[in-house]
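Participant: Just lifted these from TrEMBL, have a look:
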- 19-160: domain 'Thioredoxin' (DOMAIN)
- 1-20: signal peptide (SIGNAL)
């Protein structure tokens with residue numbers, strides 16, 4: 001019975017992920033460190049890489065410096081990188097010191113949660129990353145620690161006007 005339940009859960013998750021691919025990202029509302037409201041819609045018009053992370057997540061701590069490096073490389077060409085902390089309210093005080101210590105170059109938003117991750121088709125796997133095209137459509141989803149080459153392939157494909165082979169697979173799980 002447990003195997004059947006696991007199979008059903010997996011199938012439902014796969015269907016949710018597949019149905020969210022290529023769809024406009026929901027307009028999530030969060031806050032930056034200054035307490036200003038930030039919305040996912042504010043990224044429209046730019047290629048955007050959005051990573052969900054937490055201070056307690058070791059793979060997240062490994063991934064963020066790589067994303068920061070990509071931010072420095074691609075931001076001059078208008079690519080936006082946003083890291084959304086899913087730390088609980090009681091742990092949010094740890095976010096700013098961690099970001100400062102690591103000298104992270106990307107925008108950091110707080111107030112994320114696993115419900116938001118599910119709404120963009122990531123389930124509850126941390127870290128989780130979505131890649132948005134200029135119209136705000138999800139064109140890539142990485143569940144688990146993102147590899148530079150996966151992100152680069154998507155960014156370059158979008159920068160080239162979606163010409164050439166679509167980087168595969170559209171959804172990766174590490």
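Here the Cβ of each residue, glycine as well, is placed from N, Cα and C on the backbone.
Model, not experiment: these values are computed from the prediction.
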Participant: Treating G and I as helix alongside H, and B as strand alongside E, what does DSSP give for the domain 'Thioredoxin' (19-160) in helix, strand and coil?
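Facilitator: Once the DSSP states are binned, the domain 'Thioredoxin' (19-160) shows 58 helix, 36 strand, 48 coil.
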Participant: The domain 'Thioredoxin' (19-160): mean pLDDT?
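Facilitator: Taking every residue in the domain 'Thioredoxin' (19-160) and averaging pLDDT yields 93.
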